[in-house]
Amino acid sequence: MGFSVSVSHGLSSQLSSSLHGQHVSSSSSKSTLFMAFPLTSSASTLSGKERRFEHKLVVYSKKVSGLDEAMRIRRERELQSTTKFRRRPPLRRGKVSSRLPVPGHIPKPPYLSSNILPEISSEHQIHDAEGIAQMRAACELAAQVLDYAGTLVRPSVTTDQIDKAVHQMIIEAGAYPSPLGYGGFPKSVCTSVNECMCHGIPDSRQLQNGDIINVDVTVYLNGYHGDTSKTFLCGDVSGALKRLVTVTEECMEKGIAVCKDGASFKKIGKRISEHAEKYGYGVVERFVGHGVGTVFHSEPIILHHRNENPGVMVEGQTFTIEPILTLGGIECVTWPDNWTTLTADGSPAAQFEHTILITRTGAEILTKC
């Protein structure tokens, strides 16, 4: 379950402004004039009167940095809508049922004592052998629950029915559904349909043929959180949406592929952005990955877009990678429930997420069945 650093914790706008500031200053300082010459008529062929109307045309060109080029591609993509897809009716809020109970014997996370969204822990979660074993167990359960949730995705099924089934499976395993009560979130799973980027609240809306839906599952088992999500196809889905879903999963996989002990976090965003841009897709910047373990959300904050954030990965560390891609712009709007977040232009969005463990030579995906 990702989070918004701009709304929840006031970091995104700060990061964005600082990153953009660095980008502008660095690009202006590194831009180099390498061609400037006048184009004029020959002075010997012009009379004195004609020379008064002589014009000089100077052509300038400059080197373009990688970040400059990325921003240019982004601006062009946001100014045009060349991707063809049949726009579906706008998402509307259905009826939200009451919160489901959890048996008293199941251990519960500490944040349930308040409806206030917890602060992001500044501590990176690095585990010993016992902690890694506990993380594997929690993540494996989360993966099994997500796999089961995917079998329920079909036309006419409501997202509330998916929530109830997920809730029951989690508590039967002796675990707690981490989203339930987190910052006041009323359900046990996030279900984000079509243009909903993330944090959709399950309700009475029936899934329609041709929908896409992200199901985001996090379980709290024996004091550890396992976090994963996947975008599923509902019925007969258009080719444009299938491609978006496929490329989003590929982006997540490419981000994971660069991870290992000592690798820079910024490589994740670079690799994801490079792949998404090949298809003209937007990479949402507002929502990020995060450290996960005994604490639901902690440092490091994982940016999925190009960035120059410092920091390197450490063996034994666990965090999520969970990019969101869109067919249009990356700006978003949040419903009055303060959770459900949609693309501002109504374009479809897809997301995939894994919890990974950093090893000496690579990354182990923990949220696999």
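Glycine residues also receive a Cβ, built from the backbone N, Cα and C atoms like all the rest.
Neighbours of H297 (substrate binding site), defined as other CB atoms within 10 A of its CB across all chains, total 26. Annotation source TrEMBL lists substrate binding site at H199, H297.
Every protein chain shown contributes to the tally, and the Cβ of D216 (divalent metal cation 1 binding site) ends up with 26 other Cβ atoms within 10 Å. Marked as divalent metal cation 1 binding site by TrEMBL: D216, D227, E353.
Within the same chain, residues at least 6 positions away in sequence whose Cβ sits under 8 Å from that of E353 (divalent metal cation 1 binding site) are G2, D216, D227, T228, S229, K230, M252, G289, T320, I321, E322, T367. TrEMBL lists D227, H290, E322, E353 with the feature divalent metal cation 2 binding site.
Taken from TrEMBL, the feature domain 'Peptidase M24' covers 134-359. Mean pLDDT across the domain 'Peptidase M24' (134-359) comes to 98 in this model.
Less than 8 angstroms from the CB of H290 (divalent metal cation 2 binding site) sit G2, F3, I120, H297, S298, E299, P300, I301, I302, F319, T320, each of them six or more residues away in the same chain. Around H199 (substrate binding site), the C-beta neighbours below 8 angstroms that are at least 6 residues distant in the chain are M1, F185, C190, S192, D216, W339, T340, T341.
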